[in-house]
């Protein structure tokens, strides 16, 4: 599949028609973090539950200066009509308004550019549809995270929020987040930081787990 982005790549500054009008991507992002996520088709069951959950979590993303924007190969008109179903799924007033725009990529230009097409899933004309892709961009417009799911498996937007919190924390502090980490849990001190420097950087304390190897690389500190 042609196109695609690698970690560290700058997001293409594309223009697109959306449910809130025409946008230029870099202008849309501004100085914020951004999540661009694609789905296979409007008016389908898994996609409805996904965008419903994204809408529910939109205030949590906004609190962290994260903008959401969705994409599929459907038209703006379909996006707006489908938005009523999404709001109804969330037991809210069935309006056309969602807390994020949806891109109209019916010609598949962006899907090809960004490597979002799923060759195994096709529309009624035999053309590939967009996979369940998630791109997280930092304020520098660079790709910080990419996730790719098949059409049959819905994404966990609570996990995407957790990952964004980790990305923002580790962008500001010299720490890493361990397996199953949640906001507020202890974090790990980077192995490149010498012991004496770590004590100064993390006044809440550094706790080292003793290991059979004798190496002192498992170092924890309360979340800064």
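Here the Cβ of each residue, glycine as well, is placed from N, Cα and C on the backbone.
Cross-referencing 63, 141, 173, 216 with Swiss-Prot, the residue annotated as N6-acetyllysine turns out to be 63.
Checking 125, 200, 209 against Swiss-Prot, you find N6-acetyllysine recorded for 209. For the residues 89, 220, the entry in Swiss-Prot flags phosphotyrosine at a single position: 89. Rounded to a whole value, the Cα-Cα separation of residue 63 (N6-acetyllysine) and residue 32 (site 'Important for phospholipase activity') is 11 Å.
Using Cα positions, the member of the recorded positions 32, 89, 140, 177, 209 nearest to residue 47 (active site, cysteine sulfenic acid (-SOH) intermediate) is identified as 89.
Taking Cα separation as the measure, residue 89 (phosphotyrosine) is nearest to 44 of the recorded positions 32, 44, 140, 177, 209.
Secondary structure from DSSP puts residue 63 (N6-acetyllysine) in a helix. For residue 140 (active site, for phospholipase activity), the same-chain residues 6+ apart in sequence whose C-beta sits under 8 angstroms from its C-beta are 10.
Cα spacing between residue 44 (phosphothreonine) and residue 32 (site 'Important for phospholipase activity'): 30 Å, rounded to the nearest whole number.
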